[in-house]
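Have a look at the structure below before the remarks.
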């Protein structure tokens with residue numbers, strides 16, 4: 001889980017960058033001008049794959065496994081097409097929401113006194129929980145560092161209009 005899920009998103013991201021000028025990326029540019037559709041889909045998919053029953057479904061059935069692979073590869077491709085065009089405020093919201101979800105889910109999984117997934121041992125579950133929490137902190141820190149490096153869009157617009 002700790003390697004597979006981020007690995008699928010990363011693979012989709014790399015594939016998406018290879019086909020950046022594709023028809024899908026152009027259609028998405030029209031439908032998702034400010035990144036809100038990407039934000040919504042990314043958050044929903046991340047939340048879905050945090051549910052232990054979804055992880056069991058993907059581990060125990062071929063349909064669940066195919067859904068996991070297809071959804072996370074697609075998410076990575078969409079992020080490759082849209083991430084660089086998002087306003088920093090939208091990107092911060094996406095990263096902050098995902099970081100918060102990872103930290104919360106990780107702490108709940110790590111502190112659970114019972115097995116949440118039938119496919120994972122209790123020790124693996126505790127390690128996965130702590131790793132999710134650490135990953136959430138890292139994602140939040142990276143988002144803050146990127147925000148500090150790039151001025152906010154609202155501030156740019158105000159300066160361009162001559163306002164303070």
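Quick reminder: no glycine exception, Cβ is built from N, Cα and C everywhere.
Since this is a predicted model, take the numbers as computed values, not measurements.
Summarising the annotation, TrEMBL assigns transmembrane segment to 27-51 (among others).
The feature transmembrane segment is assigned by TrEMBL to 57-79 (among others).
TrEMBL lists 91-110 (among others) with the feature transmembrane segment. Residues 35, 38-39, 42-43, 46-47, 50, 52, 83, 116, 125-126, 128-137, 139-140, 142-143, 146-147 of the same chain sit 6 or more residues outside the transmembrane segment (91-110) yet have a Cβ under 8 Å from a Cβ within it.
Within its own chain, the transmembrane segment (130-148) has Cβ neighbours under 8 Å at 2, 6, 88, 91-92, 95-96, 98-107, 109-110, counting only residues six or more beyond its boundaries. Marked as transmembrane segment by TrEMBL: 130-148 (among others).
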Long-range neighbours of the transmembrane segment (57-79), counting only residues six or more past its ends (CB under 8 A):
5, 8-16, 19, 24, 28, 38, 41-42, 45, 48-49, 117-119
